[in-house]
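Novice: My questions will all concern the structure given below.
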Amino acid sequence: MGCVHSTGSEAKKRSQLIDAQLRLEHDQCGTEVKLLLLGAGESGKSTIVRQMRILHVIGFSKQEKLAYRAVIYSNMIQSMLVIIRVMKALGIDFENSAHKEDAHQFSSHYLHIHNADLSEAFSLELSDLMKNLWSDAGVRRCFKRSREFQLNDSTEYYFNSLDRISETTYLPTQDDILRARVKSTGIVETDFMYKDIYFRMFDVGGQRSERKKWIHCFEGVTAVIFCVALSEYDMKLAEDKIMNRMHESMQLFDSIVNNRWFTETSMILFLNKMDIFEEKIRHIPLNICFPEYKGGTSVTETSNYIRSVFEKLNKRKSTAQKEVYSHFTCATDTNNIRFVFDAVTDIIIRYNLKDCGLF
């Protein structure tokens, strides 16, 4: 099973029982689909995997939720530390001078904290410090410039829920878990049944250092789902401060869609983080990434342009050898992913399983 955060004997036993049931159903069905999730770092691949667990497995156990609680605490602490550091670098002052001391206390106490130290609820002191800081207009001004530095997409969501998350009995909701940021390392497999098909989904780390592992997953792939973060058209890579993230995704997609390993493989493009893109495109023009773009500023026109740019990278389209099936997605929206994955499954059945006697 693709459970990254399971801990304890109960969770292990539970996972083994699910795996056994899936194998039994697979033996009865006889149809197996291998899905490979690829894309640059922070494109939303791991969130898609969590949605598959919610939609097609059994969600998350209490132990897993507790593990995610520590991740969420860490995300929030790291986000605030980043904002404090960047405020100094950008010369942004706290509107309330008392909050400068709050920032000093926060940084000195929690700069070196690790996930292992976050099994308990936020202390009252820490919660109050974060509330004070998040309420400061200077902090908000810095946050609004987050495209200039590396900050989790979930920062605003979590801090706007700080009262709830600070409760001693806090247990992450489904939405909280979907927004948790965990860097993918290695290869994580998630198995599930859907429409009488046994799916094996592989999530592979998207950072440059992780991509050398991709080749080990290429054999026998039924379909590739390539994730692109639409919202990153104006941002730089964490690993390369010069490289535009969208351009990096384009280069990566070019190398995948035209790869000899995938000549007979369905290629599905998820243009993800549509919700963030819709907000950002109102303020930041698309030609910051594509200088040649002369179209309008509407969400529809700009997103369709990005889709066309990626689809044109498919060099086999002109010979009718390979079609790229594109979908606009919001990986944190369960209803959206339910609808999109249903369409994806139909594509896979129609174009990749004809020889398996399904229809």
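Note: Cβ is positioned from N, Cα and C throughout, glycine not excepted.
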Novice: Region 'G1 motif' per Swiss-Prot: which of the ranges 20-33, 34-47, 104-117 is that?
Specialist: 34-47
Novice: With Swiss-Prot as the source, identify the stretch among 131-136, 185-190, 239-244, 329-334 annotated region 'G5 motif'.
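Specialist: Matching range for region 'G5 motif': 329-334.
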Novice: Look up region 'G2 motif' in Swiss-Prot and report which of 176-184, 284-292, 302-310, 338-346 it refers to.
Specialist: 176-184
Novice: Let me know how many other Cβ atoms fall within 10 Å of the Cβ of SER46 (Mg(2+) binding site).
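Specialist: By my count, 24.
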Novice: What are the helix, strand and coil residue counts for the region 'G2 motif' (176-184) according to DSSP?
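Specialist: With helix first, then strand, then coil, the region 'G2 motif' (176-184) has 3 helix, 0 strand, 6 coil.
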Novice: What does the DSSP secondary structure composition of the region 'G1 motif' (34-47) look like, as residue counts for helix, strand and coil?
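Specialist: With helix first, then strand, then coil, the region 'G1 motif' (34-47) has 3 helix, 6 strand, 5 coil.
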Novice: When DSSP states are grouped into helix, strand and coil, how many residues of the region 'G5 motif' (329-334) land in each?
Specialist: 1 helix, 0 strand, 5 coil
